[in-house]
Structures are given as C-alpha cells and as structure tokens.
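Feature annotations, reproduced from Swiss-Prot:
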BINDING   Arg20, Glu76, Arg116, Lys428  (6S)-5-formyl-5,6,7,8-tetrahydrofolate binding site
DOMAIN    212-351  domain 'TrmE-type G'
BINDING   222-227, 241-247, 266-269  GTP binding site
BINDING   Asn222, Ser241, Ile243, Thr246  K(+) binding site
BINDING   Ser226, Thr247  Mg(2+) binding site
Amino acid sequence: MDTIYALASARGKAGVAVLRLSGPRSHEAVQAFGVPLPSLRHAALRRLTWNGEVLDEALVLLFGAGASFTGETSAELHLHGSPAAVSSVLRVLSGLPGLRAAEAGEFTRRALENGRLDLAQVEGLADLIDAETEAQRRQAMRVFSGAIGERAERWRADLIRAAALLEATIDFADEDVPVDVTPEVLTLIDGLLADLRREVDGSRIAERIRDGFEVAIVGAPNAGKSTLLNALARREAAITSEIAGTTRDVIEVRMDLDGLPVTFLDTAGLRDTSDLVESLGIERAVTRAKAADLRVFLLDDSGPLSGITVQADDLVVQGKADLRPGQGLRLSGRTGEGVPELVAAIGERLLGRTAGAGSLTRERHRLAIERAIGAMESVRAELLRGQQHTELAADDLRRAIRSLDSLVGRVDVESLLGEIFASFCIGK
C-alpha cells in the first residue's frame, strides 16, 4: 500500500501548517529529514534538514497502526505556516520512494476501509467541515460521533434476534416444536417500527438543519419586500425602486439566525399582469413561496393577495410602518422599525421545529430507514397470515437487515464514496 501525504490545513500564510502522512512508510519518511523519531503520540520539536540545509523547525507527532485517524501508521508535521517552508517539505516528500500525494478525501476513505469510521460518520465529518451555523455544527458532530451507527447496531441486533427465531422455526418445521415464536417476533418488530417511524418523522427537520430553512417574503408589488430583505441582510442585496414590479426573479440571502441556517427569499410582487416576463416571475414566486418552510406576508393597502394562502405558522405583518400608523406586528425596512421583532418571531418558529429533529440528516439515511420499515411491515403482515408464511417473513427480515446495513456502509458503499469525497479537501 502507498504512503500518502497532504497539507491538512488551509493553504496560504498562517501561524501553523499541518502536513499529514499515512501508510507503512510514514515514520520512515519523517526520519528521512534527519531527525530522531519521538515516542508514539508524543509531540517533539525537531529541526527538519535535507542535504545539509535546514528546511524548518516542526512539531513531530507519530501514531501507530490502529491508533490513528486512518487506522494506519501515521505522522503529522506541524510546520511554520510559510508557503515556502511547506513547499520545501512537500518537495522532499514527493521524491521519497513509496510516497505519493493524497487524493481528495483519501485519508477519510482509509479510515472507512479500516473500520475507524462508518459511512454515516464519514458523511457527518463532511457536514462538520461544511457547517456554517451552531445548529449545523451540533447536528454534524452528533452524526460524526456515531449516533446513527449506534442506533443502527441496536436495530440490527433486534432484527437478527427476530430472524434467528424464524429460522429456527423453519429448520424444525418437520418436528414437533411446541413454542410459537410469532408473538415474540411481533413484539420485536412492533418496537422497531415505532423507533424507525420516529426517526423518519425527525429526519425532515434534520435535513432542513443541514441544508438550511427557507423563509419567503411575500406581498404585492412595491410593498417593501426588497427593502425588508436589505434590512435583514444589512446590505443592498436587492434593487429597490418606487416602480412596482422591479423584482422579477427570486433573490436569495443566506443568514445565520439564532444558530440556524436560513435563506430569505425576496419574491416578485403578486398581482394580475399582462407583462409576460413579470407573470413568469410571479409564477416562480408563488412556487418558491409555497415550498418555503415559512412565509412572511408583507401587507399594504392593495388588498388580499392571490395565488397563495396564509398557513398556521406564517407571519403577517404591516409594511412601511413609517408611513402607515396601525396596530399589530408592523415594520419598516427603511427605518428598521419592527425588524428585530420580526427576526425574533421567525427564529422562535424555526427553533420550535428543530426540537423534533432526529439523527438522519440526509435523504439517503431516510430512504434506507423507509425501506427497512417497508420490509418489516411485510414481515408483520406475513406472520399474521399464519405460520405457513414464515419463510416469506424471514426473507423480508433479511431485506430489512440489508437496508440498515446500507445506512452505515456495510453494503452498497462504493457507489456513494465518489460523491461524498468530492466535497473533501485533499488533506482530509
């Protein structure tokens, strides 16, 4: 097996740069710089030299096989964050026999192949690297720490127990077996179905935390939607004008709202129009607004809006409060009046939804669980039809186990790895 190396920290000037090596020759490669090797898992300051020239001073860390991120013999060099110093060390490593530069995500791939991580943990690590908000960080850390794998192992153990009971019934079908295992198997299946359905119910919110919530600003033309978006973004994200119908496409602004990733959508003003381009913009606005997690209806004096109705959690506010006195939730994007209250109300509604978030953060996770649920529902139906259907029930149990195995990467993993590791940096 090749020994791989890569810069694990960001490129460019920095206080420290971290080079990572993994593979059978990683310790030998460090020794090539003319330094005595420190004890495993103990940092030591060493002067790296090559052909009699000092390249840099570095903290050197060595890890043994089975006790590193990848599960292989590994090493880290903590250099000064000088691009020139980093390049000089990389140049030496590139010329050593048995070493090559790592591909994107290759360190993590080796951790997966060596059983240090399961597939769900790999996805959690990718989400942790991409996390922009506190809620995303917490959720990704939970998955990376093995929350999905731990649950999958418990579910799998119960399924294997149920399968063993059924297989015993099949094996001794021609003998006088006094015990009917159907009640025990049904108890196991019913408990599992309840757990898995709860996970699926919470997966939609978990996926929204990962991908971000969408909040659509809806109203008539010239109601102040773009001005409100600019006030929320604290910059000129959208063009504002006294001319009605200025916004014709959906403008998106992503924000961190109380630790949640939220994309605000400034949509075209809703009205009847003969302008083809504007009508297309209105059609798109209605589609995006209906699909959004929450809508803010910005009212003016133009009357009710057509094409979309207010849902239970939506916010209805009176716009242009600086020009129109009134009661209730009122705001002005121009002066900022009411904007903090609106942000607080949006945050309260979205945070309330996250309380039910589960551990399944990706569509792949949810689909695997839904397949397992479908298989277990078939098991239940077959058992209730009588013991003559035990073999069919056993086949469905095996199908449920395979679905859970795909969740953590025991089966059907290779086709997913390219997509997952494409988002990783070289040093990860």
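Cβ coordinates are placed from backbone N, Cα and C, and glycine is handled just like the others.
Look at Arg20 ((6S)-5-formyl-5,6,7,8-tetrahydrofolate binding site): DSSP puts it in a strand. The domain 'TrmE-type G' (212-351) scores a mean pLDDT of 75 in the predicted structure. The distance from the Cα of Arg116 ((6S)-5-formyl-5,6,7,8-tetrahydrofolate binding site) to the Cα of Ser226 (Mg(2+) binding site) comes to 49 Å. Around the Cβ of Arg116 ((6S)-5-formyl-5,6,7,8-tetrahydrofolate binding site), 18 further Cβ atoms fall within 10 Å across all displayed protein chains. Considering only the binding-site residues Arg20, Lys225, the Cβ with the fewest other Cβ atoms within 10 Å is that of Arg20. Across the fold, the C-alpha of Lys225 (GTP binding site) and the C-alpha of Arg20 ((6S)-5-formyl-5,6,7,8-tetrahydrofolate binding site) stand 50 Å from each other.
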